[in-house]
Amino acid sequence: MTDQVPSVVPALDTEESVRAAIGSARRIVVKIGSSSLSSARRGLDDARLAALVAALADVHDAGRDIVLISSGAIAAGLKPLGLTRRPRDVAHQQAAAAVGQGLLIERYTEMFAHRDIRVGQVLLTPDDVAVRDNYHNALRALGTLLRMGVLPVVNENDTVATQEIRFGDNDRLAALVAQLVRADALVILSDVDALYTSHPDDPGAQAISFVPDVDELRVDTHRIGSAVGTGGMNTKVQAAQLAASAGIPVMLARANAVLDALHGAPVGTAFAPWTMPDRAVCCGWPMPHG
């Protein structure tokens, strides 16, 4: 795979054009949260992991670059530590992450190996995209992995993080990484099938298939969360806003519809990117050229 070359961002102002852009994207960041990979009581769900890996492997084999942002380290560590729910205190969250991250990457490594795909673990903190030297290190690492045909599996480094553990279940990190690697699209997978006008359980709640301007979105997204993750719909919309501001189209879809989402099918919610993005700057630092 080669590095992305900056290009003029076409006007993506209709649902059809946004979905088509995602369906033809060469480099895609895919984010999946803890609640889509596990349950509060059983930890990692191998069937869900296998379905995700199969879909991503199909897209990877078609010659498209995939960067996977995967939560699930804390959830994976619950069962081995005898915990039945996500701990509330930071110390136990860090302990669960320390145990679970190894289990999580081990499962990804084994499952992708069946498709002859190598994966590389990349653990990041917000400083890695906010501090100049760290940012360039992260950029080089991810770029090298992609050029070598390796599928990066990125997670926050929860074991050494404090506030970062409550950072939004990797939603914001996914948007920042999408900018970092100059992704053509960001796909956020959830246990909810789309963005709704209100809580999906509310009478009269309607799915929103297209958001032409996320800055103008006026819906209550604060009441949707999960027992094993830290994010919710609010953090996903914030991530969509961050990516869209960099000219990156975004798809929010249920995890079991990942292949449809990656092909631009009419699932989930599509977010249009800004038509005049400043893609020369990412995360506060100039993007390298050439």
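Positions of Cβ are set from backbone N, Cα and C atoms, glycine also.
Feature annotations, reproduced from TrEMBL:
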- 27-252: domain 'Aspartate/glutamate/uridylate kinase' (DOMAIN)
- Lys31, Ser190, Asp191, Thr230, Gly231, Gly232, Met233, Asn234, Thr235, Lys236: ATP binding site (BINDING)
- Ser71, Asp158, Asn170: substrate binding site (BINDING)
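Here the binding-site residues are Asp191, Met233, and the one with the most other Cβ atoms within 10 Å of its Cβ is Met233. It is 12 Å from the Cα atom of Met233 (ATP binding site) to that of Asn170 (substrate binding site). A 10 Å cutoff on Cβ-Cβ distances gives Asn170 (substrate binding site) a total of 29 other Cβ atoms nearby, all chains included.
Note on the binding-site residues Ser71, Thr235: the fewest other CB atoms within 10 A surround the CB of Thr235. Of Lys31, Asp191, Thr235, all annotated as binding-site residues, the residue with the shortest Cα distance to Ser71 (substrate binding site) is Lys31. Classification of Asp191 (ATP binding site) by DSSP places it in coil, neither helical nor stranded. Comparing Asn170 (substrate binding site) with Thr235 (ATP binding site), their Cα atoms are 9 Å apart once rounded.
Counting Cβ atoms from all protein chains shown, Lys31 (ATP binding site) has 29 others lying within 10 Å of its own Cβ.
In the three-state DSSP scheme, Thr235 (ATP binding site) falls into the helix class. Following the DSSP three-state reduction, the secondary structure of Ser71 (substrate binding site) is coil.
Confidence in the domain 'Aspartate/glutamate/uridylate kinase' (27-252), given as mean pLDDT, stands at 87.
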